[in-house]
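Novice: What Swiss-Prot records for G10, S11, G12, N13, W14, G15, A153, R269, K296, Q298 is NAD(+) binding site, and it gives similarity to another entry as the kind of evidence. What Swiss-Prot lists as substrate binding site is K120, R269, N270. The phosphoserine annotation in Swiss-Prot covers S154. The active site, proton acceptor annotation in Swiss-Prot covers K204. Look at Swiss-Prot and you will find K289 tagged as N6-succinyllysine, backed by a large-scale study or a structure entry. Taken from Swiss-Prot, the feature phosphotyrosine covers Y326, and the record attributes it to similarity to another entry.
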Amino acid sequence: MAGKKVCIVGSGNWGSAIAKIVGSNAGRLAHFDPRVTMWVFEEDIGGRKLTEIINTQHENVKYLPGHKLPPNVVAIPDVVQAATGADILVFVVPHQFIGKICDQLKGHLKANTIGISLIKGVDEGPNGLKLISEVIGERLGIPMSVLMGANIASEVAEEKFCETTIGCKDPAQGQLLKDLMQTPNFRITVVQEVDTVEICGALKNIVAVGAGFCDGLGFGDNTKAAVIRLGLMEMIAFAKLFCSGTVSSATFLESCGVADLITTCYGGRNRKVAEAFARTGKSIEQLEKEMLNGQKLQGPQTARELHSILQHKGLVDKFPLFTAVYKVCYEGQPVGEFIRCLQNHPEHM
């Protein structure tokens, strides 16, 4: 039986870090095709195409410099060509681009293709919240799983020990995806609550922006711990309101929940940029250009999408931390007033 073909849709720093793992495992395990395709948004780097650099030097010099990708990972600039014949699609692009990518892929996939989303964000549809895996699943007609956890891309690429969570309703598919992605230093737990796993990955970025504000304002560890805890409570409350399936508090104790929240509030890019925002007064857009090579920050966008949903449902008052992050980022509320917004939190009433 031929091995399952894998395509990685995306090649930013997280996409490239995952390509390193997937390429290595697919090259080693008989039940995967050793050739892994990776869709790369073509860019010009010093007069050379990024795909050409990746395919000759085996390194994504723009988004994951200093890390060699396995030679069996092949960069392809056309997403349809990259995905042709794939049995497993690994989605890892910024969430605002996923609609356009699905439109391009529609009608070009094999009958039994499955997908896994590593994308942290939510989509705000006409009827409220839509998870990214739902958007992909509906548009492409494929079953979707998710992978979320305390996984800062550079540390995963450096093969430092960490854990992650796969949310998958089908145990056999869950095992297949675990085989594809687990390594001695990238340990995976599979749970069936796909919605809860995914919502953790989206919402923690909002909390991390709040944690960054605390750092930028010089508020110290007690305040930051309170922000993280209140953020976790809002994450759980939001999940219970909006997830269609079961939401058990135990899932928040997996890597996708509290672990991802902690690492993002201490080390992630949302925190770093929010700290600079509080310190310098520069706009988020300006800081994205300066600090992230122009890559988009997920936290503020997710806060905006959530705010629109909460307004629609008349629930803004129940989520003061999420609301404060939105107001500071989009309505010009002074960042110095961030903590005041938390002093009458429903948790304290």
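Please read every residue number as a count from 1 along the shown chain.
The backbone N, Cα and C atoms fix where each Cβ goes, and this holds for glycine too.
Note that this is a predicted model, so its numbers are computed, not measured.
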Novice: Counting other Cβ atoms within 10 Å, pick out the least crowded of the recorded positions S154, N270.
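Specialist: Ranked by other Cβ atoms within 10 Å, the recorded positions S154, N270 bottom out at S154.
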Novice: What does the structure give for the C-alpha distance between G10 (NAD(+) binding site) and K204 (active site, proton acceptor)? Integer Å is fine.
Specialist: 22
Novice: By a 10 A CB contact count over all chains shown, which of the binding-site residues listed here is most packed: G10, G12?
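Specialist: Result for the most crowded candidate: G10.
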Novice: Starting from the residue listed as 'N6-succinyllysine', work out which of the recorded positions listed here (G12, W14, A153, K204, R269, K296) have their Cα within 10 Å, and give them in sequence order.
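Specialist: Candidates kept after distance check: K296.
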Novice: Looking at the recorded positions W14, K120, S154, R269, which ones sit with their CA no more than 10 Å from the CA of K204 (active site, proton acceptor)?
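Specialist: Neighbours among recorded positions, in sequence order: K120.
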Novice: I'd like to know which of the recorded positions K120, K204, R269, K296 has the most other Cβ atoms within 10 Å of its Cβ.
Specialist: K204
Novice: What is the separation, in Å, between the Cα atoms of K120 (substrate binding site) and W14 (NAD(+) binding site)?
Specialist: 11
Novice: Measure from the Cα of the residue listed as 'phosphotyrosine' to the Cα of every one of the binding-site residues W14, A153, K296, then give the nearest.
Specialist: K296
Novice: Look up K296 (NAD(+) binding site) in the DSSP assignment and report helix, strand or coil.
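Specialist: DSSP assigns K296 (NAD(+) binding site) to coil.
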Novice: Considering only the binding-site residues G12, W14, N270, which residue has the minimal Cα-Cα separation from S154 (phosphoserine)?
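Specialist: Among G12, W14, N270, W14.
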Novice: If you measure N270 (substrate binding site) to K296 (NAD(+) binding site) at Cα, how many Å is it?
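Specialist: Their Cα atoms are separated by 10 Å.
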Novice: Is it possible to get the count of other C-beta atoms within 10 angstroms of the C-beta of the residue listed as 'phosphotyrosine'?
Specialist: 25
